[in-house]
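Undergrad: As listed in Swiss-Prot for this protein:
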type     : residues : note
DISULFID : C53-C163 : disulfide bond
CARBOHYD : N139     : N-linked glycosylation site
SIGNAL   : 1-21     : signal peptide
Amino acid sequence: MINKSFFEIMLVLLASSTGFSRELKLVLSQQRRVNRESLKLLNKLQTSSIQQCLPHRKNFLLPQKSMNPHQYQKQQALAILHEMLQQIFSLFRAVISLDGWEESHMEEFLVELHQQLEYLEALMRLQAEQKSDTLCSENLTLQVKMYFQRIRDYLENQDYSSCAWTIVRVEINRCLFFVFQLTGKLSKQGMEP
């Protein structure tokens with residue numbers, strides 16, 4: 001009797017683990033698709049030529065540790081992805097009617113970012129059962145917040161000029177590419193529990 005119960009419990013655990021893994025892979029696949037769309041839409045929001053704006057370049061000091069997608073635990077990676085997307089969304093939501101940018105492209109871009117955040121929050125809920133290094137995750141998200149604050153300060157110091165936004169758009173392109181790489185890494189890992 002004990003052996004039969006043990007066998008049934010093991011089958012249930014195995015089935016739920018497989019379902020969990022499939023759901024994660026589906027969410028990650030959707031995340032990568034939406035991220036590709038965000039990159040395309042961001043490139044449509046160009047107002048000034050990049051060459052014209054080169055003298056206005058700035059190094060926003062994206063934390064180098066945050067740029068290496070191969071060194072994270074799952075929870076850390078999810079925390080970084082969430083914070084980056086949340087900051088990008090907040091940055092662009094505040095300027096939905098910037099001169100020279102088509103409002104429809106901006107709205108599409110924001111919708112895509114919002115979708116990414118929803119997919120990511122679903123992933124984070126699925127991973128919430130696992131223990132994580134919250135102190136390290138908090139430190140990394142704080143670094144990302146400081147990075148985006150430097151971007152906001154730059155825009156303010158440049159009076160939100162067209163060139164400043166072009167420089168920021170290029171920088172955000174880097175961020176979205178990083179998000180794409182990190183999501184790909186998580187997909188390859190399978191994010192198995």
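Easy rule for this one: first residue shown is 1, then count along the chain.
From the backbone N, Cα and C atoms, a Cβ is placed for every residue, glycine too.
In terms of burial and nearby residues, how do these features look in this structure?
TA: Cβ neighbours within 10 Å of C163 (disulfide bond), excluding its own Cβ and spanning all shown chains: 18. Under the three-state DSSP scheme, C163 (disulfide bond) falls in the helix class.
Neighbour count (other Cβ atoms within 10 Å of the Cβ, all protein chains): 14 for N139 (N-linked glycosylation site).
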Undergrad: Do you know offhand how many angstrom separate C53 (disulfide bond) and N139 (N-linked glycosylation site) by C-alpha?
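TA: Rounded to the nearest whole number, the Cα-Cα distance is 33 Å.
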